[in-house]
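Trainee: Handing you this structure, nothing more for now.
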Amino acid sequence: MDYITRQTFVKLALFIFTVLRSSCALLEKAAEDPVHPNPLQSSPAEDSDVSFCDFESPCSWTLSSHSTGGDWFITSAQQHRSSRRDTQPIRDYSTGKSEGHFLLLKPSSSHLSAGRCSFHMTSPVVLSSGPFCHLQLARFQPEPHAGNISAFVKHTDSTDIKPIDLTIKEQESDSSQWEVLEAVIGQLNEPFQVTVQYSACSSHEVGFLAFDSLELKNCVMGDDYVDLGSDCEKYSSLQCHSGGCIEKQRVCDFHTDCPEGEDEGLICSTLPLGSYCSFELGSCGWLAADTQSSWRLVSGQQLIEDTHLLGTTLKNTQGHFLFLKVRGHGDEREALVQSPALPSTISNQDCQLQFSLYRYGDFNGTVLLSVVESGASAPALIWERSGHWKDAWQEITLPITEILNGFHLKVQAFWTSGSKADIALDDISLSAACFDTELNELLHEGLPHDLDFSPLPEPSASEASPITWWFTSCGASGPFGPTQAQCDSAYRNTNVSVVVGKEGPLRGVQMWKVPATNTYKISAYGAAGGKGAKNHNKRSHGVFISATFPLEKGDILYILIGHQGEDACPGRNPQTHKICLGESSVIEDGFDSDGSALKWAGGGGGGGGATYIYRMENGQPLPLLIAAGGGGKAYLEDPESSQDQSFREQYENDTTVSGVSGRSGAAGGGGGWSDVSSLSWAGKSLVEGGQGGSSCPEALSVLGWATFGGFGGGGGACSAGGGGGGYRGGDAPLLDDISADGQDGLSFVHPMGKIFLQPLAAMESHGEAEIVVYLNCSHCKTQSCKRDEDTKLILCLCDSDEVLAPDNVTCAGTKHSLCQFINKHLQHNSSPLVCPPLVVPMGSLADGPPSLVFIMAVIVSTVVTGVVLTCASLTLIYYRKKNHLHAVRIRLQSPEYKLSKIRSSTIMTDYNPNYGYFGKAASLSELKEVPRKNITLLRALGHGAFGEVYEGQVLGMNGENTAMQVAIKTLPEICSEQDEMDFLMEALIMSKFSHQNIVRCIGVSLQILPRFILLELMTGGDMKSFLRLNRPRTNHSSSLSMLELLHMARDIALGCRYLEENHFIHRDIAARNCLLTCPGPDRVAKIGDFGMARDIYRASYYRKGGRAMLPVKWMPPEAFLEGIFTCKTDTWSFGVLLWEIFSLGYMPYPCKTNQEVLEFVTGGGRMDPPKSCPGPVYRIMTQCWQHCPEHRPNFTTILERINYCTQDPDVINTPLPVECGPPVEEEGGTVIRPDGSGSMTPLLVARSLSQDASPRASITSVTPQALKPRLQLQRPVHLTQEVGTYRETLEPCWAEPVPASGVCPGPWLQVPEHRPCSRSSSSSGSQKLKNKTKNLWNPTYGSWVLESFGRGKSALCHTQSMPLSCNPTSVSAPSSTSEHTDPVVEVNANVSASPPPSAAPSQTTLTPTAAPSRKSPTGAAGVSLATVMDLAKLQSFPCGNVNYAYDEQSYETESLPVVVSKSLEPSTSSAATSSLVALSQPGSFTHKPLVKRHASYGHEDVRRYTQPEKPTRDRDSGFSLSEDLSVTPV
C-alpha cells in the first residue's frame, strides 16, 4: 500500500513539474520574441534588404502600369528569345546566369499612341540617409535610342523634387553589355523616395531596355560598412566621415585633413609602437642606444627657466619632444637614439617617413637618419643634413621606396669640438599605408564613435531602460588630462561620444552634448590622494556626490575627470627606491624634533584631482557639480591620528562663496574653482586648466623625487602631502612635516540642482562621472518608482504589504482594499465587484494570545530537537575525526612513505608582510624555486621541527649538470596553517642570509606537496653532540685541541657579527643550534637554526600567553624580566655558548632549575669557568655577561679578543680536561625501534630515600654502585617472556645527591652556593613526573621537541647538568637527576615521595603504587630481578606542532637481547595492580633503557593536552614555557 502511495505522489510531482516547465518555456519564448507594436519599424539591415531588388524574389519597388497588361515584365534570358542574339542579354546581372531574372520594359503600342511617354520605378520610403547614400542599378540597352533615363528624389511630406545625375560607373567587357549606373543621394534627414524614370514616345525610341539589381546603398544610418563615394578610390585614398577623400600619404602625418580629424584618430592608434609618436604619452619606445647619450624627453614648459638655450622656439613649443644639448667642451662627440623594433612594411607606393627636426646654433657636425633592417650588414642611410639652420622647426618628409623586413629607425648626431647647438626631434610618423592598405576598413570600425555632437534619440517613457553615460579618465593619469585619441579608444563600443579640448583651460576637458531635454541625475566621483613612501596603509578617498539637474537638448556639458594623486613609491631613482623599500631612513634622520625639514625632502603623496562638471553661460564657466579630491598622504603616518579617523564630508551650494585654491606651504595646496597661483607645486584652479602641481623644489633638487598632484587641481607633494582639488582646494601644511597629510578639497552643488546623495569619501582611484536619465517619482505615494520592462511605463513601488492599484499611482493595503478601490471608481451603470472578506491571519491578536501550554510545547520540542541534533553531530564528527587521525598516523608513520609520495598540487600561501629582514620586505617570490624533477631524496636523516629531514641531491644548482649534496627539510602535506606559516617564514629568513658561517639555503620547492627547503648539507652534526662525543676520557684520547675550540668559537662569532651588522637578533645562540661542516679538522661551524627568530618575525607580537619555549639559561636578565631583545641579547647568549664549548658540551648552570637560574642571574651570580678554561677566554665570557647591556662588547670586539687568544701560546697549549665519567656509548647511542609494541603502559617509578618505607613495597640492594632508576610498566595481562636489554655501566657521579659534605667535591667545578643535585623535600610526585621527559632530536638539521605524558598532562624539560665529581665509585641516589636520566612517565599511579634530608646513600627503596613481590632469579647477595620492560613507541604525527607520547619504539636496546623467563607471583595486597621493575646486583642482568640526551628545546609551540598543575621546581633543561615567565610583548 505504501508503495502504491509513493508511486502516486511521484506521478503527481512529475505532472506538476511538466506543467511548470511548459509554462516557463512559453514565457521565455514570449520574452525572446516580443511583438513589435509598429510594423513599420525595422532594423537597418532589414531596411537595406527592402530597398534592394534583384528580381529573383518579390520586389518592394513600385512599377508604373498604364495598361491592363502592364508595361514592365520580369523575365530571363532563357524565356525571352529574340531573332538577334546581340539585342538581348545572355544572362542577368545579379546572378550572372541565363536562368537569372531581370526587369524588361515593353510598353504596348496603344499606350504609346495615347501619348504617354513616361515609365518609372519608385523605391519604398526611406526615413533618412547617411552622407554616402547613393542609387545603383544595372541597365541593358545594346543600341542607342532617343529615349532618356533619369532619376530624382521626392520627399514624402512635400512636393519638392530633387533630380540626381546618373553616371556610368562600370561596363562589362563581354558581350552581355550590362552597364552599372550610379547616382549620389547624400544625407537626408526627412523621409523620401527615389524614382527612376525612362521617357520615350515610340516603340522605336524604347527599343530593348532591361534593368537589374536596383539598390539604395549606404542609405540606412548605422550600417557597419560604408562604401566609398564615387570620387574616392578604395585602395589609394581615405574617405572622410563628412565627405571628401584624402590621399593615403596624408593619413597619420600629424596634420588633420578630414574635417572631423579621423585621419589622425583611431587609425593612428592601431599602428605599431614607435611608428607614430608625438611623445605626449611617453617615449613610445624611442630610447637612447647607449647610456652615455644625452637625448632626453622634455617639454617646452620645462625649458622656460633654462637660461642656456640658444633660441626661443623650444621654450614656446607645446608638448613634449626629444632634446639634445650639444656642448663641444666635453668628451662626448656623438649621440644616438633609435626606435623600437618595427614590423615589415607591406607597401612602398604610399609609404613615407615624416618627422620634425629642430637644430640651432653653431653646429659643426652632421645629423643623419638611417634604417637598420634585421639581418642587414650595414644600415641604409636615407637622410643626412649638415650646416646651419634657423631658430625654427623643420618638417622633413622622406619616401620609403623599398619594402622593409623587420627594421628600426636610428637618428644619429656627430659633431666636433667647439660645437654649441640645440637639437630636438618631434612628431615622428610612418604613414599608415606602410603597414595597412585597408585604411577605410580600419576607419569604419570606429564609426559608432562619431566625434561630432550628433543628437541621440530623445529619451521617452517608451524606452526599455534608463540611458546611462559613464565618463572616465580615458586611461590617462598624472597632472595632465587625456587626449582625443585616448578617449576615442576608451569609449569604443560604448554610447559615449565626447570632444576633448586641446589647448588652454579646456585642455583635457571632455565636452558632451545633451541629447534630449529632460531631468538628469549626475554623479561625480573625485579622485583619491596619493600614498606616502612609508604611509601606504590607507589613502585619502575621493568624494562621491550626486544631484539632479534639468538639462535641455543641445546643452554642452564640460566634464573634467580628476586623476589620482601620484604615489611616492616606487621611487624614480635608486636612492628613492631604497627609501621606499625601507633600506634608507635619510628623511627621518634629516628632520628636526618639531618635524620640519633640515636637508632632505620628498616622499609625500600628491593630492587627488577633483571632478568638475560645468557648462558655459555667456562665455563664463558655471559649476554644476564638483566632487572634491582626497589629500595626499605624508611621508610617515601620524602616530597620534587614528587609523579609522574619519571626517564628515562637506559641500558648498552658494555661488557667492569664492572658489579659492588651498593654502600652499612646502607642499602644494589643491586647486580651486577660479583662483590663480604662481607656485609650480600648487594645483591649478579650473579656470587655469586644472593641472596637478609638481613636487616641491627641495624634493626635486636633493633627491629628484617627482610626485605630481592629479589632474583636477591636485597639489604637488613634498615630505608632507599635497592638498586635494575641489571648489575650494585643500590646504597643505605650512611646514614640511613628515607626518602632515594634505587636506581634502570641498565639494559643490549648484542651487539649480537637487542633492540626491550626500557626499561620501569612497573613491580609491581616478575620478569618474555618471549621467543617467532621472525618473520622476514625485507622483507616487512612496516617492519611488521603476520602469517596467514590458510596458516601458513608469510604475510606482509600494511597500511589501501593499498592492499597486490599477491607476499605477495609489497603493492599496490588501486585496480587499483593492476591490473597494475599484468599486469606488466604477461607473454608475456598472455592477460592483464582489469583494472577498477581510481575512485575518491565524495567530494574530484577533484569536487572542496563544496558550501557555502551546508556548511551552514549542520551546520544549525546539530544545529537545536541538540537543539531539547537536549530540548526533558531535558524535559523528568525533568518530570521523578519530578514524581519520588513526588512518593518517598509520600512513604517515614511516619516513620511507614520504620518500615515495611526491604529488603535484598548487600551493596557496599567506604570510605576514609587515616584517622584513635587513631592511627589505619579505616575499615568497624572492625564494629560489627548484623544480621537483631536479630533486632526489636519498635517505632519511631524522625528524625535525616540522617533519622528516632527508639527505638528497639536486641538479642544476652550480651551473653544471652535476648533482649537489643537500639536506632537505620537509613539511608534511597534512599540517596546520601555523606550521605552514612557520615553515615558509624559516625559508624566508634563511634565504636572506649570505655568509660563510651561516647555513646556506640552497632553494625551495613549494609548488608541489610535500614542500621542501633545500639546505647546505652539514655532515658534522650539531656542535653540542660533537663536543660530547669527542671529550677526552681516561681510556680514550680526543683529537680536539684548545685551538680547535677557539676556531669553532671564532666561526660562530663571525656569523653573529654578520647578523649584528644587519640588525638581526637571533635570540637563541647555543651549541645545539650550531652545525659543523664535517667532523674532521677542516670543520667550519655555522649557525643553523632560526626557530625563535622565525617565531618572533612570523607574528606581530611575542606571545606571552602561548606555549612558546624560552631558553632561560641562555637569556640575559632584561630578556626574561622585561621581554627586551636586542643585539646585546645575542652577546649574552654567545657567552653561554663559549661556556658550552670549553666545558665540552655540558649543560650551563648545573644542578639549577630555571627558577633558580632566574634568581641566581638577577642576583648578580655568574657561572664559574669550566675546568681547564684559559683565563682570557673566561674573561670574554664574563664581559658577555655584564648586567648592563651597554657594557657588553659587540661581536667585532669579541672577534678581536678571540683572535688574541688564538695567538697566545699559554691559551692554545692548555690541555683539555679528561673526563672520568661514563663511556661515550651512553651519550650517543642510536634509537632502535622494535617491531612490536605490546600493550604495556609506562608508570612512574616512585623512589624514596627513607629507610622506614614499607618493606613489602621496597627492595634493598647491597651494591649501591649498581643502583639505577628503572621504568615501571603496568601490564593488563601476565606475560611469560620478555625481551630485555642491558648495559652494565657506571652512572656519572656528577648528578647524584650527596648527603654528607665532601662526597661531591668537584675538583674542577664549584657550583654556586654548593648546592647538591638532589631534589628538595618539597618536590612532589607530579613534579618528578614533569622532570622526566622524552627528547626528540634530528641529529643534524632538526629541532627539539620535548614532551612527556602523565595523568592527562605533559611537561617539557631537560635532564642535563655538569658533573660534580670524578669518582666513578661514588654512591648514586636513584632519585637524583643526571645528564642521562631515564625517562619516567606516570599514567595512573599516585606517587608521594618526600625523602628526608638524612636519607642513607647506600640504600634505595622503590615504592610503586602497588607491586607484587618477586624473587631474584639468582637468589644471591642481593635481590636481582629481571625487570619487565618493553620498548616505548614514538608516535609520529603529520604536523610539526605535535605531542609525542612514549611507546615501545623510543628506547635504545642492547645489540644482544636477553630473553628472560619470568613468573609473576600473585600480589598479596589488594592494592597491588602493577608490576615492579627491580634493580639487580653486579653481574646480574640489568635492564636500562637508554635515551638520546641532547640539550635543546622545542622550537614549535608544543600544545599539551591538558593544563598541568603548577610545579614547584623545574628540571635543569634550560627552557621554560613562556606562560611561566613575565615576558613583555615586543
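Cβ atoms here come from the backbone N, Cα and C positions, even for glycine.
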Trainee: Of the residues ASN495, ASN1390, give the one that Swiss-Prot describes as N-linked glycosylation site.
Mentor: ASN495
Trainee: Out of LYS928, LYS969, LYS992, which one does Swiss-Prot list together with LEU941, GLY942, HIS943, GLY944, ALA945, PHE946, GLY947, GLU948, VAL949 for ATP?
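Mentor: According to Swiss-Prot, the candidate sharing the ATP site with LEU941, GLY942, HIS943, GLY944, ALA945, PHE946, GLY947, GLU948, VAL949 is LYS969.
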Trainee: From ASN776, ASN934, pick the one Swiss-Prot annotates as N-linked glycosylation site?
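Mentor: Record lookup, Swiss-Prot, feature N-linked glycosylation site, residue ASN776.
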Trainee: Pick from 141-172, 1357-1388, 1389-1420: which range has region 'Disordered' per Swiss-Prot?
Mentor: 1389-1420
Trainee: If I look at Swiss-Prot, which residue among ASN653, ASN1035 would I find recorded as N-linked glycosylation site?
Mentor: ASN653
Trainee: If you pull up Swiss-Prot, which of CYS487, CYS580 shows a disulphide to CYS569?
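Mentor: Looking through CYS487, CYS580, the record in Swiss-Prot gives CYS580 as the partner of CYS569.
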Trainee: With the disulphide bonds as Swiss-Prot has them, who is the partner of CYS258, out of CYS240, CYS245, CYS252, CYS268?
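Mentor: Matching partner in the record: CYS240.
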Trainee: Across the domain 'Protein kinase' (935-1211), what does the pLDDT come to on average, as a whole number?
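Mentor: Across the residues of the domain 'Protein kinase' (935-1211) the model's pLDDT averages 88 on the 0 to 100 scale.
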Trainee: So how many other Cβ atoms are close to ASP1068 (active site, proton acceptor), meaning within 10 Å of its Cβ?
Mentor: 25
